[in-house]
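What follows is a single structure, written as structure tokens, with notes after it.
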């Protein structure tokens, strides 16, 4: 069963919803959502008693990729540390295309001096 949820579904619940339409394919460019997702997660966590639930259909590839990007962008973790941190919490398996995008993010953050090489 698939329940189609969107922002209207959560109206008047106290839940702020942010959906990202993303295909779990190696060719899909999820990196264009890295900053947006990191901003949303950061904002949610900065609220009093702030919590955030990041999920996709399987909870295995897309959502972990966005959480890893958040850890890299906002917690200054390199890609290996961020992947390891998420794997300590649950089994994940970002597809090869998403892993490549995370590695490219890592390279960019190193060049910008935000991560150590």
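Positions of Cβ are set from backbone N, Cα and C atoms, glycine also.
Quick look at what TrEMBL lists:
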- 56: active site, phosphocysteine intermediate (ACT_SITE)
- 1-111: domain 'Tyrosine-protein phosphatase' (DOMAIN)
- 38-90: domain 'Tyrosine specific protein phosphatases' (DOMAIN)
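Residue counts for the domain 'Tyrosine specific protein phosphatases' (38-90) by DSSP state, with H, G and I taken as helix and E and B as strand, are 33 helix, 0 strand, 20 coil. Mean model confidence of the domain 'Tyrosine-protein phosphatase' (1-111) amounts to 94 (pLDDT, 0 to 100 scale).
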